[in-house]
Amino acid sequence: MTTEKRQILVTAALPYANGPIHLGHMVEHIQADIWVRFQRLKGNDCLFICGEDAHGTAIMITAQKQGLPPEALVAKMHKEHARDLGGFLIEYDNFYTTHSPENRELAELIYTRLKDKGDIFAKTISQAYDPVKEIFLPDRFIRGTCPRCGAKDQYGDVCEVCGATYSPTELIDPVSALSGAKPIEKNSEHFFFSLNRYTQLLKKWIDAGHLQPQVANKLKEWFSEDLKPWDISRDAPYFGFEIPHAANKYFYVWLDAPIGYMASLKNLSKQRPSVNFDAYWKEGSQTELYHFVGKDIVYFHALFWPAMLSGAGFRLPTAIYVHGYLTVNGQKMSKSRGTFITAHHYLDHLSPEYLRYYYAAKLSAQVEDIDLNLDDFIQRVNADLIGKYVNLASRCAGFITKNFGGKLANELPEPDLYESFLQTEQTITDYYESLNYSKAVRVIMSLADRANQYIDAKKPWALAKEINQEAQVQAVCTQGLNLFKILTTYLKPILPVTAKKVEQFLNCDELNFANLKTPLLDHSVNPFEPLMQRLLPETAAQLTHE
């Protein structure tokens, strides 16, 4: 029976070109990358795109501080971000940028279509203005108390505590983050998107199961009041795209940022003629579209974005997968505590696969924060990856190489044990598919325990010393290495580099779910090389000490 290949497009939220990628960002990129690798392992066509979120006053101001044009800052950060993501084995088909001709063209197209439908209107508003710096203050450069929940020291556009969005003028006791001055109010004409026109569409879309239940319930709270029109413009000076036929007015960064997903695919379609842009984005598309995002940007992705897409005649996402924040040793990441760990700093000291595994062992389909506890991290890596998984291969490989010239036996002594490992495939793939990686890891490690128990019971090291037990030693170790092959296939989305090393050692084709069932028998393997090093506490300690 052949199953038709799924055509899937996956995006991760665009890192902002204003600073380094840290381990909090990596939760999402690793989560998405594991899912993409799993889909490919299942034989599905899965494109994976991302890019640099390149616009906004924050970029402009950071560039000024560094004495660079904004374009140069964006190019520099794009290079650094691509390096760090690549270092963590995140394999994008295209890592592009929102400061691109494709994004300008698509932003103008979507804006024009919305305007032609009557969804855009102009209104004079009172805006926060820094009298010292003589600049209209972007939302993120105003801090104050949330008008909805009363949380202090919140941004001017969104509360990180309750998730409310609001205009900066609604903030209580605001101050400029640039000068510390109390902003004054100044009038300016802005353009608004009539989000309330899409209330029924959004309610229906949210009810249709495109979001995790927790997220859907949270969004429904926002419908208790009328959805407010969304301010999509900003005044010069600003780094971004000018709004057509509107002097000194620019698209707000959050208008063109998600359009960057489309632009990245459009750019990829120019590089790869086989990639059809319309197949993924046209209205009524039968392909699948998934966005991986953090809980802090749900409002933009699950309300504004579907409304914009619908209004402009494009397809809506199949699902938006939302994850929580990362804490380190139980607390919010902090530079003063040494727990603000950049991706680059981590990669200077440790293997990316350690963190990929640790995150996978913690991630679920829930919108829960996960904690990087360094003691637990060391223990998990050493107990699971080294003590259970790698140890299984190292216990068997030496006998096969030394005593049998690298040749495996021609049959399995315990085919039922092998079959029982295969029977967990559906459970594990269901867990991967539903983002319940922690459950998948638990099942895989319980299999590793069983495989090691088998070797413990058969004691090939003792058999090797007995007369006429050579065939039994070869058979036991062949069984062990074939169980190891299954475990490696199951772990491959999480540990791609290790899986490649295992394929080389086993001298076999690329491991995937299609060839999972076929054991390696009467087959020559290569000499075994160490797959991973034990994680030393002093090495891990360097993460929190510059």
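In case you wondered, yes, glycine gets a Cβ from its N, Cα and C as well.
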Q: Looking at the candidate ranges 187-191, 332-336, 412-416, 522-526, report the one that Swiss-Prot labels motif ''KMSKS' region'.
A: 332-336
Q.
If you look at how Swiss-Prot annotates this chain, which of 15-25, 147-157, 224-234, 268-278 comes out as motif ''HIGH' region'?
A. 15-25
Q. Cβ-Cβ under 8 Å from Cys146 (Zn(2+) binding site), same chain, 6 or more residues apart: which ones?
A. Lys152, Gln154, Cys159, Val161, Cys162, Ala164, Tyr166, Leu171, Ile172
Q.
I need to check the long-range neighbours of the motif ''KMSKS' region' (332-336): which residues 6 or more away from its ends have a CB within less than 8 Å of a CB in the stretch?
A. 22-24, 325-326
Q: Within 10 Å of each Cβ, count the other Cβ atoms, then let me know which of the binding-site residues Cys149, Cys159, Lys335 comes out lowest.
A: Lys335
Q: In whole Å, note down how far the CA of Lys335 (ATP binding site) lies from the CA of Cys149 (Zn(2+) binding site).
A: 27
Q. How do the residues of the motif ''KMSKS' region' (332-336) split into helix, strand and coil according to DSSP?
A. 0 helix, 1 strand, 4 coil
Q) Inside 8 A of the center formed by the CB atoms of Cys146, Cys149, Cys159, Cys162, which other residues of the chain have their CB, for the recorded Zn(2+) site? A) Pro147, Arg148, Gly150, Ala151, Gln154, Glu160, Val161, Gly163, Ala164
